[in-house]
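Annotation comment: Swiss-Prot describes Glu22, Leu23, Glu82, Asp293, Lys362, Arg369, Arg370 as N(1)-(5-phospho-beta-D-ribosyl)glycinamide binding site, evidence class sequence analysis. Residues annotated as ATP binding site in Swiss-Prot, with sequence analysis given as evidence: Arg115, Lys157, Ser162, Ser163, Gly164, Lys165, Gly166, Gln167, Glu197, Gly198, Phe199, Ile200, Glu205. Positions annotated as Mg(2+) binding site by Swiss-Prot, on the basis of sequence analysis: Glu274, Glu286. The domain 'ATP-grasp' annotation in Swiss-Prot covers 120-315 and rests on sequence analysis.
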Amino acid sequence: MTTLGTPLSPSATKVMLLGSGELGKEVLIALQRLGVETIAVDRYDNAPGQQVAHHARTIAMSDPDQLKALIEAEKPHLVVPEIEAIATPMLETLEAAGTVRVIPTARAARLTMDREGIRRLAAESLGLPTSPYKFCDSLEELQAAIDGGIGYPCVVKPVMSSSGKGQSKIDGPEGVKAAWDYAMAGGRVSHGRVIVEGFIDFDYEITLLTVRAIGASGQVETRFCAPIGHVQVSGDYVESWQPQPMHPAALASAQRIAQAVTADLGGMGLFGVELFVKGEQVWFSEVSPRPHDTGMVTMATQWQNEFELHARAILGLPVDTTLRSPGASAVIYGGVEAQGVVFDGVDQALRVPQTEVRLFGKPESFARRRMGVALAYADDIDTARTRAKEAASRVRPRAVG
């Protein structure tokens, strides 16, 4: 039986989020609705999640000493990584010492903090189908990997980055140096290391939200949400929809792959498993041990959205992955480089039938920074996609003055 305390009292159940962007913000709201005391941590002040948490803390999360000091001072029951750029070896040390429980596990946080750990686990340890790949530490190694079998076209990504930063497609030899330079500029931390992948001519790509939670028997069970289709531009999601129609054999393969990788990572919580699909064939791409940006669509489509599923699972509560309605999401970009932007057209966006708008509250806007998302539901995904994109297009961030 799960027992929850009262926030801001000696009985409080305390959860610390490491990373407090738009996804963390929704997790924090879901936790607060269950009476959890929340601590939002980020590298900058007034991050979206910090605006709604009981406590806001700002540190360099990649600094092991700062991370250790904060966890020991706050004494949370659970630490929930929401980004990759964290001192994960320190989390492993603290978890091994019994200081804190890391979600889903400290090992999972370490393996998924960069593309190398999780790709080697999936392809080499678990034998899951993936694109051909090589890891490279220099421009010369990158060229040799391409010439040695990866071939063109191919995709180059920093081993650590998010939201498509530093990712590009190479169509021929003339693009190799530019791709290397772009990857070096776009990495989350200065690793100087990339993965180059052979290009898979897939029909579509999906995110399969996979939940490990305690079932009625008291044992950990794996549940799947309906597959989410999405469109990416330069590796960054711009729209998603649910459910993505799939051949039954492809869906079964996707679920087997997701089950295998999440079972190995262990722990409890929601995982975003990214997969490529062509006909009945499925290839593993990536996994995040936390809610996924493409999964924001579940705020319009599921009885329990991905953030509520994550919150419930990590607290040992029952989960329900049932689809409520077809729906879609479309990103609202900043469009301008400014602090404290204002948003015109929200009223017009909400006049689109069966839509909602979420503005993240980020203190600073960039041209390609996600500042919000439009959500829509309908009787079919095509109508929902049209509505979401129309609503998003009506919201116009602008600089003040």
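Using the three backbone atoms N, Cα and C, a Cβ is placed for every residue, glycine included.
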Local Cβ density at Gly166 (ATP binding site) - other Cβ atoms counted within 10 Å: 25
Surrounding CB atoms that lie within 10 Å of the CB of Phe199 (ATP binding site), all protein chains: 16
Leu23 (N(1)-(5-phospho-beta-D-ribosyl)glycinamide binding site) to Glu197 (ATP binding site) - Cα separation in whole Å: 28
Cβ-Cβ neighbours of Arg115 (ATP binding site) (radius 10 Å): 22
Neighbour count (Cβ, 10 Å) for Asp293 (N(1)-(5-phospho-beta-D-ribosyl)glycinamide binding site): 22
Least Cβ-crowded entry, counting other Cβ within 10 Å, from the binding-site residues listed as Lys362, Arg369, Arg370: Arg369
Spatial neighbour of Glu82 (N(1)-(5-phospho-beta-D-ribosyl)glycinamide binding site) that is closest, considering only the binding-site residues Gly166, Glu197, Phe199, Glu274 and their CA atoms: Glu274
Position of peak Cβ density within 10 Å, selected from the binding-site residues Glu22, Glu82, Glu197, Glu205, Glu286: Glu82
Mean of pLDDT values spanning the domain 'ATP-grasp' (120-315): 94
Same chain, 6+ residues apart, C-beta under 8 Å of the C-beta of Glu274 (Mg(2+) binding site), given in sequence order: Glu205, Ile206, Thr207, Phe284, Ser285, Glu286, Val287, His292
Inter-residue C-alpha distance, Phe199 (ATP binding site) and Asp293 (N(1)-(5-phospho-beta-D-ribosyl)glycinamide binding site) (nearest angstrom): 23
Packing count at Leu23 (N(1)-(5-phospho-beta-D-ribosyl)glycinamide binding site) (other Cβ atoms within 10 Å of its Cβ): 26
Arg369 (N(1)-(5-phospho-beta-D-ribosyl)glycinamide binding site): secondary structure state under DSSP, collapsed to three categories: coil
Length of the line joining the Cα atoms of Glu197 (ATP binding site) and Glu22 (N(1)-(5-phospho-beta-D-ribosyl)glycinamide binding site), in Å: 29
